[in-house]
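A short worksheet on the structure shown next.
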C-alpha cells in the first residue's frame, strides 16, 4: 500500500471506520465559520456593553488597537479528526470549535498490546531530556500491561549516557541497551529522541537503517521542517508519527511516577500522523501517548507542531519569561526595592502564585484576586507590554515558519565543536548574574510550600505576554488545544515549577538542546523591548489602552482554558531542589 501523507486541512466530520483499514487519518476539508475571537470586533451585546463601560473612564485605545479589533484571523484553527479501533475518541468544544481527544489513564494500559500490534521492539534513540523519561514510562507501562514488547535504548558507542541508561535498568545483557544503528535496524517502532541538530545531520543514515514498513516516532516536528527547507521528505516505505509531550522530559517522568497510585498522571501530549503505510499509525501513536501517561492527547499535524513548539519555547515557555523577570528585577531594584523583595515580586510571583492560579482557575482569576489599586497597576502593565511582546513574538513565529530559526539551531549545534580553525562554543551559563545569586538566598529562607506574593505589575506584564502569544498562534491558524497547551498549560504546570525550585537554568537546561538554544537567543530580545518600550511608556504616563483591557476580559480563550483545566494532570508536579529525575549535570542538593 502506498504511503498516505496527512493533510493540514481542517475536519470536523467523523467518517465511519473503513472495513479495509482499522485506522484512518481523516483530512476532509470543511469550511469553518469564524466566530468573533480574541481581539476581533463582536456583535455580542454583552461585549459591547463591557467595552463601553470600561472605555468610559477617559483613556483611549491606539490606532494599532483599532486595526487589531477590526481585523480577522488569517485562517481558521486547524481541527483534525482521526479514527482509532483501540481507544475511545471524545469530542470537546473549545471556544466554539470542535476538537477530538483521547483521555489517558493507567486503566487503559491493558489496551497497549492491541495498539502496538505487530511491534516486537521499540527502539528509543537518545538519552537527553525526553529519552530517559519516555523509555522508562514505556517500559513500566508495558510491564503493567503484561506485554513482551522490548523497549531498547540505542546510543552512540562510547557515549557517557550508557552508564545513565544502565542505572535506569537498561542493560546489554538483557537486550535493552545497545548501539544506535543496531537498535534502529532491529526495531519496529523507532523513537528518535536525539537532539534536533543531530537529527538534521544524521537523518539519511537513520532512514537507511530502518526496516521497510517500520514506524518512525518523533517527539518534535523539527526534522520535517529541516527536510522541507531542503525540498525533501521522509522515505515512502515507513510510517511517520509524532507524540509530543507538552513539557520537558523530567516532568514527563516525574508526573508519571507521582500518579502511579491514582490512575495515572503525566503531561498532556499532541499526536500527529504524517505518513501511514499500513493503517496502524494512529493507534500506535495513541498507544505511545497513553503509555507515557498523558492525561489527554489531542491531534495536530507535524508542521503545526514544530511551528508552535519551537515558537512557544522561545516565547512564554522559556525565553520570554526569562526576559521578563530580568527586565522587571532590574526596574524594581533601580526604583529602590530590596533585591530579595524584587526577586520575590518577579520570579517567585510568576512561578508560584500566578502559575498556580492560572493552572487551576485561569488568567481572569489573577486579575480578579487583586485589589482595586492592584487592578489599575495590572492594567497599566498589561496595556504597555502587550504590543511590544507581540512584536517580538510575531518576528519569532515567522522566523520559525520560514525555516530561519531551524537553520539557526542546526548551525549552532555545529559550533559546539571545533571547526574551520575556530574554537568550540558550547552553551554558557545563564544563572550566574547578581539576580540569580539573590534567588539562591531567597530560596534558602523560603518556607516550605510558599508560593510567593502576587505583585500586580508583574502579573500584568506576564499575562499580556501570554495573551499576545495566544493571539499570534490563533492568527496563524493553530487549534485551541495546541494554543492553550503551548501558551498556558506547559508553562504553568510543567516548566515554571522548575524555575520556582532552583532558578532559570534549572528550568531551561532540563529541556531539549533546541529549547535551550532558543531561550538564550530570544530572552534578551524580550528584556530589551520591555525595557526600551513598555517600561518607558509606563514612566511617561501613556494612557491605558482600553480596547486591550476590554478584549482581555471577554476573550473566548478563557472558556477554552476552563475546559482544558478539567483535563489537567491529577496531581501537581513536585520538584524538590535535590531532584534526582533531572539531567545528571543539574543534580545537586543546594540552591
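Note that Cβ sites are derived from N, Cα and C of the backbone, with glycine treated the same way.
Per Swiss-Prot, active site is recorded for 220, and the stated evidence type is sequence analysis. The NADP(+) binding site annotation in Swiss-Prot covers 123-130, 156-161, 195-199. According to Swiss-Prot, the Mg(2+) 2 binding site annotation covers 309, 486, 490. According to Swiss-Prot, the feature Mg(2+) 1 binding site maps to 309, 313, an assignment based on sequence analysis. The substrate binding site annotation in Swiss-Prot covers 512, and the record cites sequence analysis as its basis. Summarising the annotation, Swiss-Prot assigns domain 'KARI N-terminal Rossmann' to 102-300 and lists sequence analysis as the type of evidence. According to Swiss-Prot, the domain 'KARI C-terminal knotted 1' annotation covers 301-449. What Swiss-Prot lists as domain 'KARI C-terminal knotted 2' is 450-586. The annotation N-acetylthreonine is assigned in Swiss-Prot to 53.
Sequence features annotated in Swiss-Prot and their locations in the structure.
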residue	record	Cβ neighbours (10 Å)
123	NADP(+) binding site	26
126	NADP(+) binding site	25
157	NADP(+) binding site	9
160	NADP(+) binding site	10
196	NADP(+) binding site	26
199	NADP(+) binding site	23
220	active site	24
309	Mg(2+) 2 binding site	27
313	Mg(2+) 1 binding site	27
490	Mg(2+) 2 binding site	25
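Separating the Cα atoms of residue 129 (NADP(+) binding site) and residue 313 (Mg(2+) 1 binding site) is a whole-number distance of 14 Å. A Cα-Cα distance of 8 Å separates residue 512 (substrate binding site) from residue 196 (NADP(+) binding site).
Put simply, residue 486 (Mg(2+) 2 binding site) is 19 Å from residue 196 (NADP(+) binding site) when counted between their Cα atoms. For the recorded Mg(2+) 2 site, residues 309, 486, 490 set the reference point as the centre of their Cβ atoms, and the other residues of that chain within 8 Å of it by Cβ are 246, 308, 312, 313, 317, 482, 485, 487. Of all the recorded positions given, namely 126, 160, 199, 220, those whose Cα is no farther than the 10 Å limit from the Cα of residue 309 (Mg(2+) 2 binding site) are 220. Considering other CB atoms within 10 Å as the measure, the emptiest surroundings among the binding-site residues 129, 512 are those of 512. Applying DSSP to the domain 'KARI C-terminal knotted 1' (301-449) sorts its residues as follows: 111 helix, 2 strand, 36 coil. Across the domain 'KARI C-terminal knotted 1' (301-449), the model assigns an average pLDDT of 97.
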